[in-house]
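Q: Feature annotation from Swiss-Prot assigns active site, charge relay system to Ser575, Asp658, His691; the stated evidence is similarity to another entry.
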Amino acid sequence: MKKIICYFTIILLTFGIDAMEDNNKQIYNPKETKFLEEAAGAEALKWAKERTNKTEKALQAMQEYKRIKKEIESIFYDQRKTLYGVIRKGYVYNFWMDDKNPQGLWRRTLVDNYYKDKPNWEVLIDFDKLSKKIGKKVAYRGVSNCVQNPNRYLISMSFGGKDEMFFREWDLEKKDFVKNGFEPITSCGKLLEGKFTYPTWVNKDTIIFNPVLYKDEITSSLYPNSLYIWKRGEAIEKARKLFEVPKEYIRVSADKLLSDAISSSLIFISADKDFYNYDNYILDTQDKNFKLQKINMPSDATLQGSFKEYVFWLLRSDWKFKNHNIKAGSLVALHFTDLLKAESDKTSLKILFTPTENEVFNFIGTTKDRVFLATYDNVVSKVVTFTLENEQWTKPVILKLPYQNAIFRMSSYEDEEEALITIENAIVPPTIYLWVKTHELKVIRKALYSFDSENYVLEQKEATSFDGVKIPYFIVYKKGIKFDGKNPTLLEAYGGFQVINSPYFSRIKNEVWVKNGGVSVLANIRGGGEFGPEWHKAAQGIKRQTAFNDFFAVSEELIKQNITSPEYLGIKGGSNGGLLVSVAMTQRPELFGAIACEVPILDMIRYKEFGAGNSWVTEYGDPEIPNDLLHIKKYAPLENLSLTQKYPTVLITDSVLDQRVHPWHGRIFEYVLAQNPNTKTYFLESRDSGHSSGSDLKESANYFINLYTFFANTLKLKLIKF
């Protein structure tokens, strides 16, 4: 499935009161800063460019810059990088970027050839050449294969790092885009783009997609609000509108309900009322009237996939089903025909997974004859497999993972017997396994680059938060370092939107930071999904301060254990994580030495006015509601900034093309902080990266060069010879 899913009272601590001063007084003049609200406005771009140039010049003058640049470029452009892929009709398909192909290559090789150190790749689309031909940076965003005609794909793309996407039909046999094929261009020649407009094949001559065909077909969160069915050969203006959601909804999307081998005509339609509640429907495209039938399931339950004629649903809240209480976080399966029935008639429903205090659902993966249920047990992967025999689910078989603290990932097509599985952890590079039809895992690719895991330590520890709750965190360091309070330490967390932070392998972090004596820490604070729905809800809305307090608890524990001290403790976070670290800066500046605030959400009073802000109301609360506003103002980083307080050295990043978190957030924070004579700030604005580190490989490499130079210099990391 392609559905885009990515008890407490607020305690007002003394540090919160001190930081507030008078947050009813606006800290900037709205008239003077109005120009910063226009993402691509000439005055705003000039303002941002001047500050970006100044920051780049300062970073490049630091003694660590050249050495870090050399190391990071060697990692990014290394031909020995892990070759991730997916199996389709005897081939492994892979997307690859290097220094000669920064926009990337979509390519394939035979499965038998994939075992080799240097597979013989057949390039299908060269996105650098395509970008030159079009005259704009074209970024690859994914593909959708037509089962009825396996030689046809829909290639999703975007210009730069934008969330707005478009697609073109690709002929695998001719190795070229299809002339007059599916491509959202109007009769006037206008290319239609829309945020996350992934198309869905109905059959070889029909697709369903969510374009912005007319100006008013967007929601208040700036996502498409309409679904169309489009037949081959007809003008896009002639496409039939199937469904439209109200403007206050977030978005509408469509995908196949079941695999094409079972039914190609059934379409699952999701209308997102808010971030956690949905109106879901089934559309049978064989019905000439295209009537939508509403699914009878809890509104906050989400479709996770299908296997044969059964669908999997994840519950976010407790569900009283036939006088039985099914716990929030449970995964249930039921026959697709039961989706439309009343509760009393859902005879096929089966609970496949019930969460425990430490174990939560991660994802469902399927092959043609097998289901993989991946969970996190104390934020470490656990996997079982099972199947369906005579309409009964078989007993789950534990898939033994090769080492402790393993993290499991899977890429597969539901009509293929084989799948590629990746296993890794924070200090063990990824190994790719082939799941074969005999139900065995075979090593197919190991990391070709050298990294000696035996020289490093990965531990999971706990800190105690303000209310006694234990907050786990992972810590990585080089064997033999002394815990003398002087270790440069990077602490990361997210703490929002049910996102689970797990200890994946980061070659950059390990080789640039940990290898040089730095310490890396990943905190699993509340607001995330590491321990299920209640872990998230504990820091949702007016309870937001919980996430910040959890983060402070981990920070204080690192200092208490003499692992580091404020002078050497750096924190980084992006998007919601940017909000987290900026609040840490304003509420507890004495705890930290350096802060990277990346594509951050910072203007919490006006966030609904920018980008996708309207879609976040169920996460943060609504600043237009007095009680919500009261709580938001207590932590809102922009409103709580002081023009005299000495804050840690801070790096702020944003992007002109970020269509989720508008660059206004980063710009206004820099604008205000620049007036504080006691705080050193750096500011970097990208033109093309969108809500990420870069729209191509070179842009991403430069981003991390600047980031790690900033931390290495500010936190006094002593670089050894590379």
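Including glycine, each Cβ sits where the backbone N, Cα and C put it.
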Q: Round to the nearest Å and give the CA-to-CA distance linking Ser575 (active site, charge relay system) with Asp658 (active site, charge relay system).
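A: So the alpha carbons of Ser575 (active site, charge relay system) and Asp658 (active site, charge relay system) sit roughly 11 Å from each other.
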Q: Looking only at Cβ atoms, how many others are within 10 Å of the one on Ser575 (active site, charge relay system)?
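A: There are 22 of them.
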Q: If you count Cβ atoms within 10 Å of the Cβ of His691 (active site, charge relay system), leaving out that atom itself, what do you get?
A: 21
Q: Quick one: pull the CA-CA distance for His691 (active site, charge relay system) versus Asp658 (active site, charge relay system), whole Å only.
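A: With the alpha carbons as reference points, the distance is 5 Å.
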Q: Non-local Cβ contacts of Asp658 (active site, charge relay system) (under 8 Å, 6 or more apart, same chain)?
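A: Residues satisfying the criterion: Ala39, Gly161, Val599, Gly611, Ser689, Gly690, His691.
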